[in-house]
Amino acid sequence: NRDHNYDRRALKPMEISLAIIYAIITCVGLIANGVVFFVIFAGREIGKTVTAMYVVQLAIADSALLLTLPIFGLQKVSMNWSFGAVTCTLCHSIKFLSYYAGIFFLTAMSVDRYVAVAYSTKSHQLRTRKRTMIVCAVVWFAAGCMTLPILMYARTEEVVDRTICRLMFPGYVKFNASETYIFVDFQLTLPTCLSAAISYVMIVRRLQTSEDKVANMTGKRTISMRKRVTRMVAVLVICFVVCWLPNHLFTLAKIRGLDLSVTPCYGIEHFLVAFSFSNAAINPILYSFLSHNFSTRFRDSLAMARRRMGRRGSMAT
């Protein structure tokens, strides 16, 4: 949140590159998330599996974040915020809401996988649609609560000959709210990742034990399916950490007082932010590759959609 006295002419190519990267992330991400929505809803999977319900919520969070990227990209090119104070608050709030929702939904998915594996005989009673909907509502509420400070402190500011949109927390001599909020943000991410890691260690142990005990083919297929879904969720968690951790570490380095105000570091910082945003585009791609028979389900969903359109056309005539 500091002003940088860099040569704007020298930074122009970098900012154009960032805008192009934002555009690519937005296009790829919205198309990929659209395909995921289509397969799950057209195939009527939303009420059939708990994992599908969580994936839809994660895709909603990712899509919301992606819709803000063109605005941030235009800001990079023009080096000026021309969308007004309300849009500034809205874009930053959506960005943080999507981030926190992503953390909480991935944690919920990790715990859900542990319940599915550790309590396989009771999983149908524990993992009901109603309970999953309650968890989803709680996640969005918690993410909204974490985003409240952004609603209060995201605003525009006139700096020399341009307008900027940024978070402006109240600062005091012995208390910097901006740095504290970022630190709390990191402290929230770390235990979430650790809890997910612990869940997967326990899941792997339980799956190995179950596989040794099961002799029939039906039981082995069930365990194989559980492994596939668990692997998919684990990869989504790892991808989230890989995308967001570098940006967090860079921010913590600034908080610790390291001088990162030179031009190369300024560029690195903004590319790390873009790399964090890319997670919203990578998630649906990972889901499509790691999900069971995704291409077959996509073709089946297309066929079902065509049949429905055909029936509607015949009824209209």
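First residue shown is number 1, and so on along the chain.
Yeah, the Cβs are placed from backbone N, Cα and C, and that goes for glycine too.
Annotated features in TrEMBL:
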| type | residues | note |
| --- | --- | --- |
| TRANSMEM | 20-42 | transmembrane segment |
| DOMAIN | 32-287 | domain 'G-protein coupled receptors family 1 profile' |
| TRANSMEM | 54-74 | transmembrane segment |
| TRANSMEM | 99-120 | transmembrane segment |
| TRANSMEM | 132-154 | transmembrane segment |
| TRANSMEM | 181-203 | transmembrane segment |
| TRANSMEM | 229-250 | transmembrane segment |
| TRANSMEM | 270-290 | transmembrane segment |
Quick check: do the transmembrane segment (229-250) and the transmembrane segment (20-42) share at least 3 Cβ pairs under 8 Å, counting only pairs 6+ apart in sequence? no
Residue list, the transmembrane segment (20-42) vs rest of chain: Cβ under 8 Å, 6 or more residues beyond ends. 52, 55-56, 59, 62-63, 66-67, 69-70, 72-73, 76, 271, 274, 277-278, 280-281, 283-285, 287-288, 294, 297-298, 301-302, 304-305
Checking distant contacts: for the transmembrane segment (270-290), what same-chain residues at least six beyond its ends satisfy Cβ-Cβ under 8 A? 14, 18, 21-22, 25-26, 28-29, 32-33, 35-36, 55, 58-59, 61-63, 65-66, 69, 76, 98, 102, 228, 231-232, 235-236, 239-240, 243-244, 246-247, 250, 298
The answer for the transmembrane segment (132-154), taking Cβ pairs under 8 Å and residues 6+ beyond its ends, is 50, 53-54, 57, 88-89, 91-93, 96-97, 100-101, 104-105, 108, 112, 165-170, 177, 181, 188
The average per-residue pLDDT within the domain 'G-protein coupled receptors family 1 profile' (32-287) comes out at 80
